[in-house]
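**Student:** One structure follows; several queries about it will come next.
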Amino acid sequence: MDTPSPDPLPSPLPGEEEKPLALSPPVPRGRRGRRPGGATSSNRTLKASLPRKRGRPPKSGQEPPLVQVQGVTAPVGSSGGSDLLLIDDQGVPYTVSEGSAAGPEGSGPRKAPHFCPVCLRAFPYLSDLERHSISHSELKPHQCKVCGKTFKRSSHLRRHCNIHAGLRPFRCPLCPRRFREAGELAHHHRVHSGERPYQCPICRLRFTEANTLRRHAKRKHPEAMGVPLCAPDPGSEPPWDEEGIPATAGAEEEEETEGKGEPA
């Protein structure tokens, strides 16, 4: 059986010329198939229309929101006073002065510090204040499983566990000695550098450690235990001379020498 042949293409009419098909140029696309100026611009517009976080002063022309704090309702940034009642990210209200809340022009409000009620130390974030409050607490929740000793912080427990494990991770680069803590290594460096930052104000001897200076003062100068051991004080007793040595030092030795006298 013969297969029918396809119909031939119609020939152009006389007087007409064949023209190529006109294709539109491809539309450029951004990354991930986004058209430039399309979804990105709409996202930016959407973000700009979203409300800002709590704690920022309202724009001019808008009524400030009301905040309920201990039964007292006060508008944030009200013109009745120079203080601003704000709320941080944790939902805790705090009051700052209008001058301190506004930072440099165009930088927005500056976060007010949180003060420790015990030592009045200031912290920029509430989490830092909560971490600091552990030092004033008597609780020691971290306990060593070997000896049962308790600690306030987990870092102190990890450092203590190095004693039972025999680990000394801090090694001196100048000698083979190793230490459990970085502070011990820093003190050991004074042996190689010759640094003696602690000086006796009476005999002017210098020491590497503060404990060594205290032992020296108890043994050599028991009568001057009330004298400051770090630096001479011109207003303290006994009086200090220009070199920082007590003016009465050595007076008893001179009296003993004069009392004996030379043999006749």
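A Cβ is built for glycine as well, from the same backbone N, Cα and C atoms used for every other residue.
Pulled these features from Swiss-Prot for this protein:
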| type | residues | note |
| --- | --- | --- |
| DNA_BIND | 51-63 | DNA-binding region |
| COMPBIAS | 1-13 | compositional bias 'Pro residues' |
| REGION | 1-75 | region 'Disordered' |
| REGION | 225-264 | region 'Disordered' |
| ZN_FING | 114-136 | zinc finger |
| ZN_FING | 142-164 | zinc finger |
| ZN_FING | 170-192 | zinc finger |
| ZN_FING | 198-221 | zinc finger |
**Student:** As a quick check of your reading of DSSP, tell me how many residues in the zinc finger (198-221) are helical, how many are strand and how many are coil.
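**Tutor:** Helix/strand/coil tally for the zinc finger (198-221): 11 helix, 4 strand, 9 coil.
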**Student:** Given the model, what does the mean pLDDT over the DNA-binding region (51-63) come out as?
**Tutor:** 53
**Student:** Under DSSP, the zinc finger (170-192) has how many residues in helix, strand and coil?
**Tutor:** 11 helix, 4 strand, 8 coil
